[in-house]
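Listed in TrEMBL for this protein:
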{"type": "ACT_SITE", "residues": "His426", "note": "active site"}
{"type": "ACT_SITE", "residues": "Asp477", "note": "active site"}
{"type": "ACT_SITE", "residues": "Glu486", "note": "active site"}
{"type": "DOMAIN", "residues": "45-498", "note": "domain 'Glycoside hydrolase family 9'"}
{"type": "SIGNAL", "residues": "1-29", "note": "signal peptide"}
Amino acid sequence: MAFFYYLSCSKLALLVLLCFTTSLLHCSAHPGHHGRHPHFASHNYRDALTKSILFFEGQRSGKLPPSQRITWRRDSALSDGSALHQVDLVGGYYDAGDNVKFGFPMAFTTTMLSWSVIEFGGLMKAELQNARQAIRWATDYLLKATAYPDTIFVQVGEAGSDHACWERPEDMDTPRSVFKIDKNTPGTEVAAETAAALSAASLVFRKSDPTYSKLLVRRAIRVFEFADKYRGSYSDGLKNIVCPFYCSYSGYQDELLWGAAWLHRATKNPFYLNYIERNGQNLGADQSDKTFCWDNKHVGARILLSKAFLVQKLQSLHDYKSHADNYICSVIPGTPMSQAQYTPGGLLFTMSDSNMQYVTSTSFLLVTYAKYLTSAHMAVNCGGVLVTPKMLRNLAKKQVDYLLGDNPLKMSYMVGYGTRYPLRIHHRGSSLPSMVVHPTKIQCSSGFSMYNSQNPNPNILVGAVVGGPDQHDNFPDQRSDYEQSEPATYINAPLVGSLAYLAHSFGQL
C-alpha cells in the first residue's frame, strides 16, 4: 500500500486520452500456428514466471513454513486478531510495501492468481504447485476472515500509524486493530470480491484437493449471499479506515456481477445464471469502463462471462461477447474505437500511480480473451477493423516484454529479473537489514534513515513488479516515489497467467 495513499484505479481512468497509434496492428503475422509464437524469444518467460510467483512468499504475513524460499523474511504479526479475543487472523498477505493487511485487494489478488491457474495452470509444469501454494496462503486467511456468518474481517492494522513508521514486519509494534463489515456496517464490494476469490480458488483445488475445494465454494456461496442481501459500500461504513487507501470509487455493482459470474462458473447452479440474466444490466454489464483492477471488475466480468457464450454456447449471455469486444476495441491502438494511451516506448499508460497494475491486468485479459475467441473460431470487429486473437496476443506480449526490459531505459521492472532492475523499491522489509543481519529491533522512526538513503535495498524481493515508468518512459528508481517504485500483490497476480502462456508458447515450459 502506498506510503501516503493510492488514487482509485477507476477514478483517474476517466482521464485516459485518445491515442490512435497504429503500429501494433501491423504485427499480426508474427505469431505462429494456432496462436503459438515462433520459438525465438528475447526473454526467459519461464524464469520470469518462477520469480513472479516467488514474490508472494516475500509478502507473507504470519508463521512462515519450513519451505519458505525468501529466507530474509521471518515470522510476523503472530497475534493478529487477538484484539477481538478468540479471533485468529494470522496469515494472509501484506498488500504492497507496508505492513497492513487490506482484505479488498487481497481478495482481488486471490481471484486473479486463481484465474491465472484456471486458464493457464495446465501449462505451468513445476510452477503449478508453487502457484497453488500462493493461492492457498491467501484462501486460508480468507476462510478465517469469513468464519462468522454475516461478518467479514476486512483489515488488520491501522494505515495511518503504520505509514508513520518505516519498520520491518517482524518488528511491527503499531496497533493491529481489526476492522469488520457486518449487517450493520455492510461492505458489498469486499464481500462480493471475497466470494469471487473463494469461488475461483475452489476451481483451482477441485482435482488436487476436493475437500478443500468444497469448503471454499460453500463459504463463497454464504459470503455472496451476505454481500447481496446487505448492500452498502464499505467505503461509507469504514470511510476513515479504508480511505484514501483502498476506497471503492466504482461502487459495488461490479463486484456483485463479478462474484455471481465466478459462482456460476464454480457451481453451475442455475441460480447464478438467473441472477446474472436478471440483474446484469442493473449491475453495469454494458458500462463503458475501460480499466480492470482491484476496484473495478466490470471488464473482467464481461470477459469471464463471454466464455459462457463463446465456448459453452450459452445463448442467454451472448451480449457479453459484445460487451467484451467493446473493451477490446478500446485498448487496441489504431482502431476507430481506440481510447487507450501508450507511452512513446509502447507501454499502456492509464495513470501515474501504480500504472503497471493496468498493464498486467490488461495483458492477462488479452491472452485470455484470445483463448476464448480461438476456441470459438471468432474475432473482434472494431469499427470495420478485424482484430484477431493473434493481435490480442501480440499486444499482450509487447506489454510483458516492455515490463521485462524491452523499453527505452532497457530496464526490467521485475526485481531480480535481467541485469538491470529497480534497486530502491518502496518496501519496508526489502529496504531494511534482515533479521539475520540485524537481529535487534529497528524502531519505528529509525528506519527512515534507510528510507531516505540512496543505497540499494539490502534484501532483493525477487519477482516484485513495481508501479513502473511515467507517461514519458522515465523511471527515477527512488524509494520515496511510491507511485512508481512500490510493488503490490495485485500487480503480480494477473502477470502469472500471461507469463505461463508466453513461456509455453516459446517452448520454455
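In case you wondered, yes, glycine gets a Cβ from its N, Cα and C as well.
Over all protein chains present, the Cβ of Asp477 (active site) has 18 other Cβ atoms lying within 10 Å.
Around the Cβ of Glu486 (active site), 25 further Cβ atoms fall within 10 Å across all displayed protein chains. Distance between Cα atoms for Asp477 (active site) and His426 (active site): 9 Å, as a whole number.
The average pLDDT computed for the domain 'Glycoside hydrolase family 9' (45-498) is 96.
The CA atom of Glu486 (active site) is located 5 Å away from the CA atom of His426 (active site). Around the Cβ of His426 (active site), the number of neighbouring Cβ atoms within 10 Å comes to 26.
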